[in-house]
Structures are given as structure tokens and as C-alpha cells.
Amino acid sequence: MNGLKEPNLICRKPPGSKPPPKMIPHFPPSGSFGRGVDSQNSTEIFFVLLGLSQYPRAQTAFFCLLLLSYTITLLGNGLILLLICYDRRLHTPMYFFLSNLSFLDVCYTTASVPQMLVNCLVSVPVISLGHCLAQMVVGLYLGVVECLLLAAMAYDRCVAIVDPLRYPVHMGPQLCSLLAGTSWTAPFLLTVVPVLTMPLEFCGRQVINHFSCELLALLKLACSDLQFYELLMVCTSALTLLAPFAFIVASYGRILVAVLRMQSTEGHGKAFSTCGSHLTVVVLFYGSAIAMYMMPQDKIIRDRDKIISISYGVLTPMMNPLIYSLRNKDMKGALRRLLRRKAEV
């Protein structure tokens, strides 16, 4: 411009000078959680949730499917809670436990799915150690609650079929409240206390190859000695998974014997229709949970573990209202009565 040369803004490096270091996002190389931690010297730790970030084209489809399943879970379980609270004909022990299960499914998915949806929208999903531990503890706690609730529901079905005459007296409000209350309180001592007392120390790459903060995925990043706590986790898993599952199998064994002794075909059909929905939910939940926590684990989280966690954390809560409502005449009748009353108003 006007015959003047533009100034050369490129600074030439003197010979022998070193290139400036590259600015790379840095996460603290180590940190600890648990007993004996000095809060003044500890640094807040962050983790990267890998999820499906290595498959960017699948992120949008996964987000849409996840949002759809979460919406179905909220609407389906919310409808079950509404019908059970509204219709007095559903104020029975079986539907009392079903209402607890529906409320649990809403809490279970809400503890992890919203965070997973947000992670699908950001390029680098980051979560703090505190948030990660809270998500992990809540997920473990609610998972054990579901194990115990399914066992309580199996006991209710067993009494209803094996001893139907004494069923109204045996399964009274006090026993139902005791079973439900135990299912909600006992897992606190079995899961929350052991995890919060676990001394965790992290070093190296703090990348969780998972959708959310699962216990197994987080333990694979720990570099502290956790042999005692790993043994404790195996014992706790056996107590919280296998013991209720064995009780459910024993209950259905008694149900099968009672059904085979029935003379009428109508009794067979009624028994199987009553237990079919619950048995389907048990197979879906326990099958994936046992495959996740009781099978031998590799040091690296595989895609198989991600699929299993999605199965019992997202798909099972979504399928529960469909399973219990589509094959249940009482639920369909309650829905028709509710719609009829709303139409009259």
C-alpha cells in the first residue's frame, strides 16, 4: 500500500534455540481418595469418559436412542406409579412392590443417563472424581436395591400360588413394608460404606473407557494396592447378586411344584401369567449383572462390558413397564378406568 512494504511479522528463531513446548490439556498425574488423604496436598482429579468418542459417526445415533429410551422409561414407570396410586384395586402386595420397582427404575436411569446424554454433545467428556464417585456409589446402591426387590417380589408370588388361602393374612401391610424397607436400607451398608472407605490412588492416564463411572472401570485405573477390597467386592457381589438370585430360583422351584400339582388348566394359565412378567425381568437384570460383576475381568474394558452395562442400566428399566403392562389385565383395566374418568370430566 502506497509503495510501502508490509512489515515481516514472522520472528525468526536464533540458531540453536529449542522449539516452545506444545500446550497439551493436562490432568493431574496422580491423586488419592479414601482414608489417610491430606486434603491440603491433594489435587482435584478429573477423568475423561471415553464412551463412543472413538466412533464419532455413532455418537448422534447413540444420543437419539438413549434419549428415546430414557423418555420411555420415565413415561412408562411414571404411568405405572400413577395407576397404582390412583386405582384402589391395585392396592395389593404385588403392585406395592411393583411401584417400588418403578420408582427405583426412574432413579436408576436418572443417576447416569442425563450425564451420558451430555457427554454425547461435547468433544471431550470430563467428570471430576467427586462426581464420578457419587455416580458410582448411587449406581451400585440402586443396583443392589433392585436385586433385593426382585427377591421380595418372588417371595410374594410364591406365597400367592403355594398358599393362596393364607396369602392375604401372611402378606399383610407390616410384612410388605418390612421387605421393602429392608430392600432400600440394607444396600447402604453393603455398597456405600465399603466404597467410601476404599483408599483409591490414581496415576497415569485417567481415561475411563466407559459411558459412565462404573466400579470395575474405575478400579482398573487405580494404582494402589486393592487386593483386600477386590476380595471384599467379590464377597459382596456374591452376597448381593447370588444370594437373592438363589432365593428367587428356590421360590420359583416351589411355584413350579405347586403348579404341577394343580388339576385345572385355568390354574396353570393364571400362575404362569402372574409369574411370567416377573421372571422375564429377573432374567434380563440378573443375566447382565452376573455377566458384568461375576465373570472374570480383563485389565482393559472391552466393548462387551459397555454393551452389558447399557443392557442392565438402560434397557432393563425401559422394558420393565412394557413387560408388566402389556401382559397385565389389571394394569390395562386401571388405565381404561383412568381414561374414562378423564373423558367424563
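Cβ coordinates are placed from backbone N, Cα and C, and glycine is handled just like the others.
The domain 'G-protein coupled receptors family 1 profile' annotation in TrEMBL covers 76-324.
The region 'Disordered' annotation in TrEMBL covers 1-22.
Per TrEMBL, transmembrane segment is recorded for 60-83 (among others). Counting residues 6+ beyond its ends, the transmembrane segment (60-83) has Cβ neighbours under 8 Å at 52, 90, 98-99, 102-103, 105-106, 109, 113-114, 116-117, 120-121, 314-315, 317-318, 320-322, 324-325, 331, 334-335, 338 in the same chain.
If one looks beyond the transmembrane segment (95-113) by at least 6 residues along the same chain, the residues whose Cβ comes under 8 Å of a Cβ in the stretch are 66, 69-70, 73-74, 77-78, 80-81, 84-85, 135, 138-139, 142-143, 145-146, 149-150, 152-153, 156, 176, 179-180, 183-184, 211-212, 313-314, 316-318, 320-321, 324, 330. The annotation transmembrane segment is assigned in TrEMBL to 95-113 (among others).
Residues or ranges marked as transmembrane segment in TrEMBL: 133-155 (among others).
For 175-196 (among others), the entry in TrEMBL reads transmembrane segment.
Taken from TrEMBL, the feature transmembrane segment applies to 228-250 (among others). Residues 144, 147-148, 150-151, 154-155, 187, 190-191, 194, 198, 215, 219, 282, 286, 289-290, 293-294 of the same chain lie 6+ residues outside the transmembrane segment (228-250) yet bring a C-beta within less than 8 angstroms of a C-beta in it.
According to TrEMBL, the transmembrane segment annotation covers 271-295 (among others).
Cβ atoms under 8 Å from those of the transmembrane segment (307-326) belong to residues 66, 69-70, 72-73, 76-77, 79-80, 98, 101-102, 105-106, 108-109, 112-113, 139, 143, 210-212, 214, 277, 280-281, 284-285, 288-289, 291-292, 332, 335 of the same chain, restricted to positions at least 6 beyond its ends. TrEMBL lists 307-326 (among others) with the feature transmembrane segment.
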